[in-house]
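J.: Here it is, the structure, as structure tokens.
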Amino acid sequence: MTEDVRVYVEEAPGQRTEVSGPTDMGLSLMELLKASGYDIQATCGGMALCGTCHIEVLAGPALDEPSDDELAMLESLPVMSQGSRLSCQIRLTERLDGLVLRLMPQNT
Amino acid sequence: MNSISTDICIIGAGPVGLFAVFEAGLLKLRCHVVDALPQVGGQLSEIYPKKPIYDIPGFPDILAGDLVNNLMRQIEPFHPTFTLGERVEGYRKLDDGSFVVTTIDGTEINCKAIAIAGGLGSFEPRKPAIEQLDSFEQGKGVYYMVRDPETFRDQRLVIAGGGDSALDWTIFLANLAKEVTLVHRGTTFRGAADSAEKVKALHEAGKVNLVLSSNVTHVHGNGQLHSVTITANDGTATELPVDSFIPLFGLTPKLGPIEDWGLDLEDNAVKVNTLDYSTSEPGIFAIGDINTYPGKLKLILCGFHEAALMCQGAFKHIFPDKKYTLKYTTVNGVPTL
Ligand SMILES: Cc1cc2nc3c(=O)[nH]c(=O)nc-3n(C[C@H](O)[C@H](O)[C@H](O)COP(=O)(O)OP(=O)(O)OC[C@H]3O[C@@H](n4cnc5c(N)ncnc54)[C@H](O)[C@@H]3O)c2cc1C
Ligand code: FES
């Protein structure tokens, strides 16, 4: 049996909520966040086409570099920071354990 | 003020709204279609025009954009009319039971039935987080869409963004405006390669200013926009006098005003009776991704089916005393209006 992986969502500075999910189901981070009740539109269902699953990685383990498709989508969004990622493009694996992230506004 | 009269006002020009025009046409009902976007096709045009779809009956595969073009061809005989680029805001019911649907720009559509085919909601521009940006909206210098390029003739423009629409409009407006500056956060463009090449060529020819690794961070003016501050990634800021600022960062759907129409809702979707996809308000129907009922599937195919049944319901609502008998298009061909 695999251990659940834990990630932390920063709702306000210093205020973090732990969410955890299994690594053996091929889930994406977007699916975990959605399943944990976070309000993520994920309009395109995880195809890097809509940008509505945008998160900012604040701390934690190093992740794989974004693909060209992910970068293209991120660059088209009005807010992008060093840690910007599309949560649908990140697989839920053990390596994510301890990741701290923030949901990015979809329309500010 | 624009005033239109029709049988059914369809809100949303996605695949389901478009097919509803066909089904209504078979019943000799006229349609007027309104969409907040400047083009038809809904999610298919806005999110995935180049993606193949595999579950449309009769088409082993078809590109989303081609399906939209085919739907437009299919409804041609019924001469639907369109108001594009205007979001529907509200409606009122008149004493004779008909409705007046109103858009954000004051267009009024008098109709006997309303079909909401609003999908995920109306697509709204993603706005950059710049203080007081909204005070320059509505003709005061900040535009999130180019509706009429003539607005920008002989102006000094700043366009922001790195996607296809920022590139396309930079190319188009370079010939029309007095001065075009494209501001992009990155150093490379990820829009279509040939558009990026064209922008670079225009820059080399001195027709477009390119400011890379930078963001527009402030807007200034008194009632009317007069300049923007562009801040480079290294922190240096420059103020540039402009007539218009056009941030083009794509669109995102929002359920929008229909949420407040007092219709029965469940999880942000309009509850309907699957007999005819009527809502809690007689004469108002809801089809496609925007509705909900036990067993709902958000698929184009299901939306098409709902459109067919909805039109039967709308026909009965409009002509309570007329009897309708189903005729196959194979027998009679497609009637025209
Ligand atoms: C990436 C992706 C892939 C998909 N693949 C498939 C597939 O293979 N097969 C399939 O069957 N389905 C697929 N879907 C789902 C399919 O796209 C939707 O089911 C379909 O688009 C719903 O059509 P619709 O006409 O109800 O709504 P939409 O396509 O969402 O269109 C609604 C329109 O209404 C407009 N609107 C809303 N509110 C207002 C208002 N107040 N005023 C004016 N205009 C308004 C919007 O601007 C929009 O243009 C996919 C979806 C995505 C995102
Ligand atoms: S869900 Fe659409 S980009 Fe991630």
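Positions of Cβ are set from backbone N, Cα and C atoms, glycine also.
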J.: If I go by TrEMBL, which of B:Asp35, B:Asp95, B:Asp96 binds FAD at the same site as B:Gln43, B:Tyr48, B:Val88, B:Phe123, B:Asp289, B:Thr330?
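T.: Given B:Gln43, B:Tyr48, B:Val88, B:Phe123, B:Asp289, B:Thr330 bind FAD in TrEMBL, the matching entry from B:Asp35, B:Asp95, B:Asp96 is B:Asp35.
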J.: Return the count of C-beta atoms lying within 10 angstroms of the C-beta of B:Asp35 (FAD binding site), excluding that atom itself.
T.: 29
J.: Per residue, counting other C-beta atoms within 10 angstroms of the C-beta, which of the binding-site residues B:Tyr48, B:Phe123 reaches the highest number?
T.: B:Phe123
J.: Check each of the binding-site residues B:Tyr48, B:Val88, B:Asp289 and report back the ones whose Cβ is under 8 Å from some Cβ of chain A.
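T.: The answer, in sequence order, is B:Tyr48.
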J.: Among the binding-site residues B:Gln43, B:Thr330, which residue has the fewest other Cβ atoms within 10 Å of its own Cβ?
T.: B:Thr330
J.: What is the total of other Cβ atoms whose distance to the Cβ of B:Val88 (FAD binding site) is within 10 Å?
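T.: So the number of other Cβ atoms within 10 Å of B:Val88 (FAD binding site) is 26.
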J.: Return the average pLDDT for the domain 'FAD/NAD(P)-binding' (B:7-294) as a whole number.
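T.: Over the domain 'FAD/NAD(P)-binding' (B:7-294), the predicted model scores a mean pLDDT of 94.
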